[in-house]
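Listed in TrEMBL for this protein:
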BINDING   A:C13, A:C16, A:C31, A:C34  Zn(2+) binding site
DOMAIN    A:9-266  domain 'CoA carboxyltransferase N-terminal'
Amino acid sequence: MSEMPEQALWSSCKYCGRHVHTEQWGLFLRCPFCGFPKRLTVEQRIEMTFDPDSFQKIDLNIKSKDQLHFKKYADKLTKAQQKTKHDEAITIGTAKIGNHLVAAGIMDNQFMVGTLNTTVGEGIRQIMEAALEQRLPLVLFVTSGGARMQEGIFSLLQMNTILAVQERLLDAGILNINILTDPTMGGASASFAFNSDYVLAEDHAQIGFSGKRVIEQTSGEQLPDEFQSAEYLLEHGQLDDVIQREKLKDVLQQLLDLHTAGDQNG
Amino acid sequence: MANELEQKLKLVRDVNRITGQEIIQQLFHQVLELHGDRINHDDPALFSGIALFENQPVTILSVDRGTSLTERIEKNGGAVRASGYRKALRSVELAEKFNRPVISFLNMPGADASLESENEGQSLMIAKMIAKMGQLKVPNLAVFIGEGHSGGALAFANSNRIVMFENGLFSVASPEAMSAILRKETVSEVVPMTAGKLQKMGLVDQIIKEDQDVISQVNTAIKTWLDDFNNLSSNELIKQRTEKFAHVLAYWDKMD
């Protein structure tokens, strides 16, 4: 037993189902068979995006609770916390991208699919307030299955209360770049996700308001295979660009550079 | 409990349920409908117009499910499309420019889920409408005649005051959608969505009793709202909304 590796060496690709060896995934965790990017942990995202060791975590103001006594919710929270080693589906802090100091938020799809609840909403408002206060550009990695049903109307009201802070942020002239990653749906996409100055998406990410299954059931429509993919949204004019994660850090740096070029005080 | 919810759903979805249109006809005059999103569509699910309430010009938005089968199909059962939100946004921008308070009458399942709405940016349109209603420099009022769920209803409910008929419902998703998302039968009973519960947490400000006197109660509610908010500055209006919803979110900790 002693020679068993701590982490499994093989994992399957969510898209093509093939078994891929850790070494085959490579630095950017892209499937060598179908080319789809693997969903990342918060740590992998931080490592891939920000200057080494530059991320400084900010603690979340509140902790999640099962206030409605919703069946199995308390268990789900505990399991998600054990699995991700995070308190909730968002991690916030400050970090550097090519020496630009930014406020950063990274949502976590491995924590109950990044669903938006009281704590996640508060975390997003917290990092927006921090960006406002310190006048830092805000870079937000969005991923969310939508509003978290287990907190009912309280999850829904994160949408308008986040938007109120985001509107102040944007009005104050602070730069806000959102990167939509797999998946970005419902309560997240219909609030802060698309409301930033720039909206980029990672390749192959699923992005939309209603889920495919719901659309098929309610409208009876046949949906194209590529429907709600980042590439499909780009074709329909809804994104600034689709960026492969291999190039994402460079693109973010370029965008930040372009907003400070000519800045006398920069 | 589950029965109470089922009963309410039956009532608000009944074809004979009073509609925003009926209330508009009785309480407003000089009603002028304004069509279209100025791009490509005129969503029948969303009525937008200008009218006089007593002597004050106001902007009216109204969503209902339709009172006949033909109308229900045309109105998409009250599910507002991306173009409907674009029309609503255009209408409230004009309201702000000409200093007209905004009233929304709602009885809708939520926002439209379709290929067309997705292609036309349903997410962004809802986000823009929610954001605009929150920052609106004129007073706004949402009247839940029936149900209204998800971001699609929040786009109108992000208002200074929320009035709800006693059988009205407002939740993160319709009870059916919620069960479908969670793949469970009855999950809704623990989730607050009825007028009484929402009033307790400060989200609903006033409940309209469903008796003979409905119209006059709505009339008084609109009057009171105008009296309370007409003289507030745009900053005060925005602040009141921020505080109202912060107060509701704070209720989360007080629940048990």
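Note that Cβ sites are derived from N, Cα and C of the backbone, with glycine treated the same way.
It should be emphasised that the depicted structure is a prediction, and the values quoted were computed from it without experimental measurement.
Structural mapping of features recorded in TrEMBL.
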residue: A:C13; record: Zn(2+) binding site; CB count, 10 Å: 20
residue: A:C16; record: Zn(2+) binding site; CB count, 10 Å: 12
residue: A:C31; record: Zn(2+) binding site; CB count, 10 Å: 21
residue: A:C34; record: Zn(2+) binding site; CB count, 10 Å: 14
Collapsed DSSP category at A:C13 (Zn(2+) binding site): coil
Other same-chain residues whose Cβ falls within 8 Å of the Cβ centroid of A:C13, A:C16, A:C31, A:C34, the recorded Zn(2+) site, in sequence order: A:K14, A:Y15, A:G17, A:R18, A:V20, A:P32, A:F33, A:G35, A:F36
